[in-house]
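> Sharing a structure here in structure tokens format.
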Amino acid sequence: MRNAIVLIWGSLLIKQVLGEFGMAHFSNKGKGKGKDYCIYFNSQWARLPQDLNKASRLQVHDLTGSVLCSSSEVPEGGFTNRIPMVLRGNCTFYEKVRLAQVNGARGLLIVSKDRLTPPAGNKTQYEEIDIPVALLSYTDMLDISKTFGMGGDVAMYAPKEPVLDYNMVIIFIMAVGTVAIGGYWAGSRDIKKRYMKHKRDDSTEKQDEETVDVTPIMICVFVVMCCSMLVLLYFFYDRLVYMIIGIFCLAASIGLYSCLCPFVRSIPFGKCRIPENNLPYCHKRPQVRMLMLSVFCVGVSVTWGVFRNEDQWAWVLQDGLGIAFCLYMLKTIRLPTFKACTLLLVVLFVYDVFFVFVTPHLTSHGESIMVQVAAGPPDSTTQEKLPMVLKVPRLNSSPMALCDRPFSLLGFGDILVPGLLVAYCHRFDIVMHSSRIYFVACTIAYGIGLLITFVALALMQIGQPALLYLVPCTLLTSLAMALWRKELPMFWTGSGFVKDVPQPPVMTSIKSSSLKHSTGQRMIDYQLYNREGISGLQVMKMAYLT
């Protein structure tokens, strides 16, 4: 374990020494405010100032038709007080920067069509060179040429990264809000179904979605599928990413429909049904308002699918659809016992830690499989990103936001997995009449775990497995609450949901053969009916009618 920690910190220190992200601010003299572009530099050649106002604004010399590997490529008069921009290749970084320096250059920008790597050299070369050298992407060079031409000015600088970006506040509110609302809704809906099951309404609008109880076998199969899909995405990202995007559009449409359905049903208009037909969805003659809701939900998903790469606003649609999807999953999937909750959370805890912290030691380039798949491989030909995350653009101006991570991400799994435990706690609260103490405690624990995740991210500056912090916080808090209330046996097995309740005298007059419910189920129903203010006589009538 100690060796693993040493390797991790060693790799971080090497990365910091050899390569750092910075900014190249291009502008035309007296024309506009200019624009920042990402650069990758090595501070061992020469350091860059942290403030743009302290950086030297120098004229750019366009030499992108040359690689600057021989003196014959140096223009007449040299590069006096200018920064040449040349292509990468044919010789070492040292040869390029030495040739630029002896000809009066104050810096060097090397345009790279490949992935940006730190311009490295040896100790002797570092001591000889005293001008900054940085790599610029070929795409940015084309944008610079189009926007400013090649006669503009450039100032290279490297501002400090802020400890924490303000967009984390937005992600925190969205994540904790989704877990709290989803857990509350799932628990209330599950209990409501128990005491409303005497009603019979065959209309499509009144039928709730079925709830899926998770078993240990289902958990094992699910984790194996997650591992397999993650590995396949790592090796075949460009082939599978569109399949994931299509699945997300479909699932998000269903989730958005499920979330908006209760609000649309409260609208007093559009209750009439469409005429009889043989269409796949419309043959059941849905109400006009529900049909319009379906069209709206599909339209929102299709709109996101078409404009998903519009960084300015598409993330808002993605987050809205993602929250709707998470709420739908939280109210559909149910963990029946705390034992199942523990199994699911612990297994996914190991899964998350393994694919973030262990896989860098197994891959050829030292990459984390989880981080690479979530953020999208830099060498991807499609440049598509997986939509299974909440994403918020960084609100500050920093090299990391410009170059490497313009968005902060939180995976749906970091919401759904603890959210299922929160939903279980709420159901247990309702049955045990515990004033939602389990639900509130688990929700607060989730928020604390998320804050710890953000702090770890700010300190380490690398992607973090959120479940590493969320699982212990939520599981241990729920366990401690059950121990404190001396309800651990019932909380562990879920037996609180079949708590013995004395039968009312009126029930004894009903013959057992006339009831379809078991004795235990009648006890539960009576307890729930009684909490809703339903009399024993009404319970008898309901049981008789069923």
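In case you wondered, yes, glycine gets a Cβ from its N, Cα and C as well.
Annotation comment: TrEMBL describes 76-143 as domain 'PA'. Residues or ranges marked as signal peptide in TrEMBL: 1-19. What TrEMBL lists as transmembrane segment is 166-187, 216-237, 243-267, 288-307, 313-330, 342-362, 407-425, 437-460, 466-484.
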> Taking residues 6+ outside the transmembrane segment (342-362), which of them lie with a CB under 8 Å of any CB in it?
4, 7-8, 11, 214, 216, 219-220, 223, 226-227, 230, 335, 368-371, 413, 417-418, 420-421, 463-468, 471-472, 474-475
> Cβ under 8 Å, sequence separation of at least 6 from the ends of the transmembrane segment (216-237): give me the contacting residues as numbers and ranges.
244, 340, 343-344, 347-348, 351, 355, 369-370, 372-373, 376-377, 380, 386
> Over the domain 'PA' (76-143), what does the predicted model average in pLDDT?
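Average per-residue pLDDT within the domain 'PA' (76-143): 80.
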> Among 166-187, 288-307, 437-460, 466-484, which stretch has the most Cβ pairs under 8 Å to the transmembrane segment (407-425)?
166-187
> What residues in the same chain, six or more past the boundaries of the transmembrane segment (288-307), come closer than 8 Å to it by Cβ-Cβ distance?
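Beyond its ends, the transmembrane segment (288-307) has Cβ neighbours at 204-205, 245-246, 249-250, 252-254, 256-257, 260-261, 264-265, 267, 269-274, 281-282, 313-314, 317-318, 320-321, 387.
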> How about long-range neighbours of the transmembrane segment (243-267): same chain, 6 or more residues beyond its ends, C-beta under 8 Å?
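Tertiary neighbours of the transmembrane segment (243-267) are 205, 209, 233, 289-290, 293-294, 296-298, 300-302, 304-305, 308, 320-322, 324-329, 331, 384, 386-388.
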> How about long-range neighbours of the transmembrane segment (466-484): same chain, 6 or more residues beyond its ends, C-beta under 8 Å?
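Same-chain residues near the transmembrane segment (466-484) but 6 or more away: 338, 341-342, 345-346, 348-349, 351-353, 356, 410-411, 413-414, 417-418, 421-422, 425, 437-438, 441-442, 444-446, 448-450, 452-453, 456, 491-492.
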> Is it possible to list how many residues within the domain 'PA' (76-143) are helical, extended or coil according to DSSP?
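Grouping H, G, I as helix and E, B as strand yields 22 helix, 16 strand, 30 coil.
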